[in-house]
Amino acid sequence: MIATENVIASANAETPAHAPTRSLTDMSSMITPPVGVALLGATGSVGTSALRVLERHRERFVPVALTAHSNQDALQEQVAQFSPAYVGLVAPPTDELPEDWGKGRSCLVEAATRPDVQIVINAVVGAAGLEATLAALTAGKRVALANKETLVMAGQIVTDTARRHGGALVPVDSEHSAILQCLAGREPSDVRRLIITASGGPFRTWNSERIAQATVSDALRHPTWQMGSKITIDSATLANKALEVIEAHHLFGIPYDRIDVVVHPQSIVHSLVEFVDGSVLAQMGVPSMELPILYALTWPERLPDAGVPPFDLVGLGSLTFEAVRHDDFPMLALGIAAGRQGGAAPAVFNAANEVAVAHFLDGRLPFAGIVQCVSAAVDALGTMPGDTLDALLAADAAARDYVNAKVGS
Ligand SMILES: NC(=O)C1=CN([C@@H]2O[C@H](COP(=O)(O)OP(=O)(O)OC[C@H]3O[C@@H](n4cnc5c(N)ncnc54)[C@H](OP(=O)(O)O)[C@@H]3O)[C@@H](O)[C@H]2O)C=CC1
Ligand SMILES: CC(=O)[C@@H](O)[C@H](O)COP(=O)(O)O
Ligand SMILES: [Mn+2]
């Protein structure tokens, strides 16, 4: 089972996983403008990019719900600009919260399941986004998913939920948006493999001794993308690419042995699909998240948009490709192995990585300590049960405790 099947919601609960599912056109035709959008993680990197897209297409999309974690000032500014019907802050920094704002973890689900919301953009970072993804899909919404951790942690449960309840899962992650665009209209039997591109991160040309000494500011210097700190560190370790291979496996139903990663330092080719006849389609564009965000909102249609700089191949000069240096970036193989192992292993990989990255950012762990912690956690806990949501949440919690204990906090 390959291609776009898991991206599309099935029409009813009886539809088997491998059967043709409701078409994208059917899904989009159910969504007539103006479309109510809930934006979870509105104050982050993807969140603010999404608001720029929504602002440019005000006649078509209305941000009816905005949430953030604790950045009350930034959220307040967004509220003043967009006047959403619902505002939620997970962890208010003070008691001086406007009375009508939602607060606590439940505000993500409240925002995502409102009757006036048709599309939920999940731009929360980390496993904290999972509950709202599941709630939105259960309520039959389209989820424009940036929060890849959702699929790494519980990919089978998330895609089953989309299929069972008629919700739709559309990737925002640039590589997966590229694959979706390359696959469009192709039969699953036409596809040989997916090729996911990686920038290589800030340490692409560093040797292993130098990488081991990398500072936080070194690791936050991403060569091509402006992103939140967690994903920027994931790009430096290549954990991000492991998360993306697992994400692609679940979104497109492609076996791991038919998903490859290639380093492409310019981040212009966002990913490729090789077909059975040897022909390869690539999707290209300037490195701006506004492109995949808009596509996830309009899919399978395209809207005219002039929001990003023009694409100038001659100006770009050359596009280059390299093999991954697996010995110097062991996180990629570790994460893919956890994905292949299945069960709780990917959830353990994800949670251990989240906690290890937070310790690195806080100066409590050296850069090389991130992969050491994650590897030890997967060895210790990867065989925990992972067949239910409760089991996966238990594995996630155990991995967090394990890494915290190891780092000594
Ligand atoms: N940035 C990018 O270009 C890309 C990001 N992604 C993925 O998108 C997601 C978001 O990334 P990015 O925008 O960079 O991250 P940021 O750190 O910039 O933003 C995260 C957002 O989520 C909120 N948030 C943080 N923790 C919680 C929590 N526990 N509960 C609820 N909300 C929370 C933050 O609120 P507050 O501001 O109040 O802390 C903020 O609005 C990640 O999964 C990332 O992997 C995927 C592709 C590209
Ligand atoms: C923009 C986006 O989708 C990120 O996931 C990006 O791909 C990160 O860059 P790396 O290729 O360095 O991980
Ligand atoms: Mn990506």
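Any Cβ shown, glycine's included, is placed from N, Cα and C.
These figures come from a predicted structure and were not determined experimentally.
Binding of NADPH is attributed by TrEMBL to T43, G44, S45, V46, N71, N147, E149, and the same site annotation extends, among G228, G253, G278, to G228. Cross-referencing 1-26, 183-208 with TrEMBL places the feature region 'Disordered' at 1-26. Take the 1-deoxy-D-xylulose 5-phosphate site that TrEMBL assigns to K148, S174, E175, S199, S235, N240, K241, E244: the candidate from H69, H222, H326 listed for it is H222. For ligand 1, the nearby binding-site residues are G44; that is, of G44, H222, N240, E244, these have a C-beta under 6 Å from one of its atoms. Minimal Cβ crowding within 10 Å, among the binding-site residues T43, S45, N240, is found at S45. With respect to ligand 2, the binding-site residues T43, G44, V46, N71, G228, N240 contribute N240 as residues with a C-beta closer than 6 angstroms to one of its atoms, given in sequence order. Taking only the Cα positions, the spacing between G228 (NADPH binding site) and D173 (Mn(2+) binding site) is 13 angstrom.
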